[in-house]
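J.: Before I ask anything, here is the structure I am working with.
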Amino acid sequence: MYPLPGTTPAITVDNSVSDAERRAEILHILQDEHSLDKPSLYHLDSALDVDTAASASSLDLPPVLVGDERMRRRSELSRMKAPVVEAIELAPLPSIEEQAHEQSSIDRATDISGEPQGKISGEDLELAPPLSYVPSMIKEDASSAGVLSPAQRAKHRLIGWIQFAALCYFFFLEGWNDGSTGPLLPRIQRNYGIGFAIVSLLFVTNCIGFLTGAMMNVYLNHRFGFGKVLVIGSVFQLAAYVLIAPGGPFPIMCVAFSFSGFGIALQNAQANGFVGSLKEHAQIKFGVMYASYGLGALVAPLVATYFSTARHWSFHYLISACIALSNMIILSAVFRFKTQSDAMAEAGQATEEPVTSGNLYRQIMRLKEVHYLATFSLIYVGVEVSIGGWIVTFIEQERGGGASAGYISSGFFGGMMLGRIILMWPNRKIGERWVIVLYALIVVGLEVTVWVVPSLLENAIAVSFIGLLMGPMYPILMRHSTSILPNWLLTGSIGYIAGVGQAGSAVLPFITGVLSSKFGIASLQPFIVSMMSTMIVLWALVPKKRRIE
């Protein structure tokens, strides 16, 4: 008998069956059904496959079950059915570089919908856009170069080259300063009526100023910052030339040389530390920067030789003062008194946070690598200045060169400039460590020819080749320093190395002057040979790789 439409079907229960028996029958049915092995959801050919399983609406359940129980059983059996599996073809994921490029035009903190990246809804995970990946999965450079537009990168490159050009201009001035002294020494001796030992005091006072600047560089850099220290150094250098230009008493000239040394030391350390911290093309930039020094040292003797025979020889330093003034203006305009980190960031260069714990001086002095490099620098710079400063006097007195001997000094510094450019390729092919040994051995041989061959032409050519081979040594020294010294001590360490090197520019020429007073200027060549041989031994002691981080 069927119920009328719109009425609730009656549930027929056999009253002759006790409640206990009814419960036992239900339990028996449930146990039989659950004893069947449930098919794996991953086997599509199971008994409960989509094609063969009975639908929930057609399940054959015992009539003894009440309505709620029948619905519960249907639900259980429905959940046991295997899921319908569909193959979904996913679009290939873009590469990391493409993701970074696509994100350059949107806010990295949020995706298109404004929701934070990394929050992906549970629905259709495969349809999530590539930009929804967590940002930490994308490898980014510290400088965020990967998210810069081409215009921004071009701007950074332009600023970087302007900064580098400003530092090269300072090195041109430094070369001009060092190249001016040699041709003017004989005139200074005649003007003040002094001998070799007294005129050598110019090198000594210059050394004192340079050492003072090198020692104060660490404090001043920490106190004022990169840009301000550069300008302070340029002001001292300008003041030195202003004092020398009137041609006052010799003691005033000595004081001026100390000012010049102090200013050059500050600028030299800052420039070397800045270029040494660059991440790209540091080796090439070192070579170009020191080639600028060679260019200044090449041009200066040409001008100084003219003034050495002029009535007002000291007017040469008016030209030096003009160059120093322009140098001060350029450094102020380009770096705008910024710290090194800010200046490098402006050019898109990544910077490392400096470690300031502990005493920086003590940390620098503990590094034996610093002392090896500093001693090598002392001898190298001393030999360079001794040759550039005394070769004119040697040629005049030993080879009868006359006033035109000043051009031989230009040949020496011109060779240095060329060597720092054209020998870059051989330096890389041979290896910078071994190439210094090779060049030093050849220089020793050429110095011997200047010593024993009494030919003006041969001596002039040999001196030019000596400059050519000595040119790359100092850039290699500084480049090697940046590779083996801790980054947070780099500027202070380079300041110390350059300062000790400048001490050599005073000590060795002064020793040459003392030896010349006793044995004659001919003692210059054997002294140079002995110093170059010592350089080879010192270079062998310098470590190959960085040992301290």
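Cβ atoms here come from the backbone N, Cα and C positions, even for glycine.
Just lifted these from TrEMBL, have a look:
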type     : residues : note
REGION   : 99-123   : region 'Disordered'
COMPBIAS : 99-110   : compositional bias 'Basic and acidic residues'
TRANSMEM : 158-176  : transmembrane segment
DOMAIN   : 163-546  : domain 'Major facilitator superfamily (MFS) profile'
TRANSMEM : 196-219  : transmembrane segment
TRANSMEM : 226-244  : transmembrane segment
TRANSMEM : 250-269  : transmembrane segment
TRANSMEM : 290-309  : transmembrane segment
TRANSMEM : 315-335  : transmembrane segment
TRANSMEM : 370-392  : transmembrane segment
TRANSMEM : 404-423  : transmembrane segment
TRANSMEM : 435-453  : transmembrane segment
TRANSMEM : 459-477  : transmembrane segment
TRANSMEM : 489-511  : transmembrane segment
TRANSMEM : 523-542  : transmembrane segment
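Tell me about the setting of these features in this model.
T.: Counting same-chain residues at least six beyond the ends of the transmembrane segment (226-244), those with a Cβ under 8 angstroms from any Cβ of the stretch are 170, 173, 177, 213, 217, 220, 252-253, 255-257, 259-260, 262-267, 270-271, 274, 314, 317-318, 320-321, 324-325, 327-328, 331-332, 335-340, 343.
Long-range neighbours of the transmembrane segment (250-269) within the same chain, counting only residues 6 or more positions beyond its ends whose Cβ lies under 8 Å from a Cβ of the stretch, are 170, 174, 177, 188, 192, 194, 198, 201-203, 205-214, 216-217, 220-221, 229-230, 232-241, 243-244, 331, 491-492, 494-495, 498-499, 502.
Residues of the same chain lying 6 or more positions beyond the ends of the transmembrane segment (315-335) and with a Cβ under 8 Å from any Cβ of it are 162-163, 166, 169-170, 172-173, 176-177, 180, 184, 226-227, 230-231, 234-235, 237-238, 241-242, 244-245, 267, 303-304, 307, 343.
Sequence-distant contacts of the transmembrane segment (404-423) (same chain, at least 6 residues past either end, Cβ-Cβ under 8 Å): 175, 179, 182-183, 287-288, 290-291, 293-295, 297-302, 304-305, 308, 384, 387-388, 391-392, 395-396, 459-460, 463-472, 475.
Residues 426-427, 459, 462-463, 465-466, 469-470, 472-473, 476, 522, 525-526, 528-529, 532-533, 535-536, 539-540 of the same chain lie 6+ residues outside the transmembrane segment (435-453) yet bring a C-beta within less than 8 angstroms of a C-beta in it.
With a threshold of 8 Å between CB atoms, the same-chain residues lying at least 6 positions outside the transmembrane segment (459-477) that come near it are 286-287, 289-291, 294, 373, 376-377, 380-381, 383-384, 387, 391, 395, 399, 408, 411-420, 423-424, 427, 432, 435-436, 439-440, 442-443, 446-447, 449-450, 453, 497.
Listed as Cβ neighbours of the transmembrane segment (523-542) (distance under 8 Å, sequence separation of 6 or more from its ends, same chain) are residues 369, 372-373, 375-376, 379-380, 382-383, 386-387, 390-391, 394, 433, 436-437, 440-441, 443-444, 447-448, 450-451, 480, 484, 508, 511-512, 515-516.
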J.: What else in the chain is close to the transmembrane segment (196-219), if you only count residues 6 or more beyond its ends and a Cβ gap under 8 Å?
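T.: For the transmembrane segment (196-219), the list is 181, 185, 188-189, 229, 233, 250, 253-255, 257-266, 269-270, 360-361, 364, 385, 389, 491-492, 495-496, 498-500, 502-503, 505-507, 509-510, 512-514, 516-517, 521.
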J.: Look over the recorded stretches 158-176, 370-392, 489-511 and say which has the most C-beta pairs under 8 A to the transmembrane segment (290-309).
T.: 158-176
J.: Mean pLDDT for the domain 'Major facilitator superfamily (MFS) profile' (163-546), rounded to an integer?
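T.: That region's mean pLDDT is 86.
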